[in-house]
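According to TrEMBL, the features are:
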{"type": "BINDING", "residues": "A:Cys85, A:Cys88, A:Cys119, A:Cys122", "note": "Zn(2+) binding site"}
2 protein chains.
Amino acid sequence: MNKRKTQSKKAILECIQRTGNYGLKSDNIESELPQFNRVTIYRILQSFIDDGIIHKVISDDGKSYYFKCKNCGEKHFHNHYHFKCNICEKVECMDNNIDVEVPKDYKIEHVNFWISGICNSCKK
Amino acid sequence: MNKRKTQSKKAILECIQRTGNYGLKSDNIESELPQFNRVTIYRILQSFIDDGIIHKVISDDGKSYYFKCKNCGEKHFHNHYHFKCNICEKVECMDNNIDVEVPKDYKIEHVNFWISGICNSCKK
DNA sequence: TCCTTATTGTAACATTGTTACAATAATACG
DNA sequence: CGTATTATTGTAACAATGTTACAATAAGGA
């Protein structure tokens, strides 16, 4: 069960590092790295999630975006939101925390906060 | 372009009314109303959204849920969240408002807030 | 009742993601 | 270094969710 360092893992990780605070969709990676198979990319992304390297967020149109983890913790708990600009289509991981109060006796296990609108660059 | 009242619209609306604060997936409606076609159901749900009768929310696994509107306004702006219980799998539309602050020069157009965890009934 | 056309059903397709299994290649060990 | 083990990959096939084109049907006004 020892993990191996492979070309594909290195390439995909580099892809994600390059994006910084912005997110990637699986098909972005596919087109940037056409030498690797779709299935392989999905599998590696999942293993990165399991290893706490990236987190996955679902957009408001149901697509998966992947972001480099900063301080998710091992269970990927993050109460920050992700912002998609409807003009430039970039998706940004925002560090602002959101305080959510759930009613008594409700327990939060996971949050997925998505906001779309217009970013500062595009507003000008 | 006059809209017509059809059996299918009546049946689907009734389905949604019955759920109250809870949401429905398209395939819930399909199995409750097998006499209507999948495509028809999708089309009617979309028309209800356009008419401001229901709103659609994307879950943290990318599925669409439909909820009866209460005070969305015409553009379906709603800064409340939706809570899915990981045990009973019910999805609830929560009325608590969430105040989100976006950085200067960012403009919010739409929000999709999803929380999953354990609801009060299941916690007991 | 009849006519217009909004609505529906069918079939075909697109996208996103998963599974099974055989082929390949990364690493440990002699 | 060479070889064996097995983690990883590619292929093909499938599943779920949603959309489009077009012909058939039915709601509602005349």
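Cβ atoms are placed via backbone N, Cα and C, with glycine included.
Checking the binding-site residues A:Cys88, A:Cys119, A:Cys122 against chain B with a Cβ-Cβ cut-off under 8 Å leaves A:Cys119. Minimal Cβ crowding within 10 Å, among the binding-site residues A:Cys85, A:Cys88, A:Cys119, is found at A:Cys88.
According to DSSP, A:Cys85 (Zn(2+) binding site) is assigned to a strand segment.
Annotated Zn(2+) site A:Cys85, A:Cys88, A:Cys119, A:Cys122; additional same-chain residues within 8 Å of its Cβ mean position, judged by their own Cβ, are A:Asn86, A:Ile87, A:Glu89, A:Lys90, A:Ile118, A:Asn120, A:Ser121, A:Lys123. The Cβ of A:Cys122 (Zn(2+) binding site) lies under 8 Å from the Cβ of A:Cys85, A:Ile87, A:Cys88, each on the same chain and at least six residues away in sequence.
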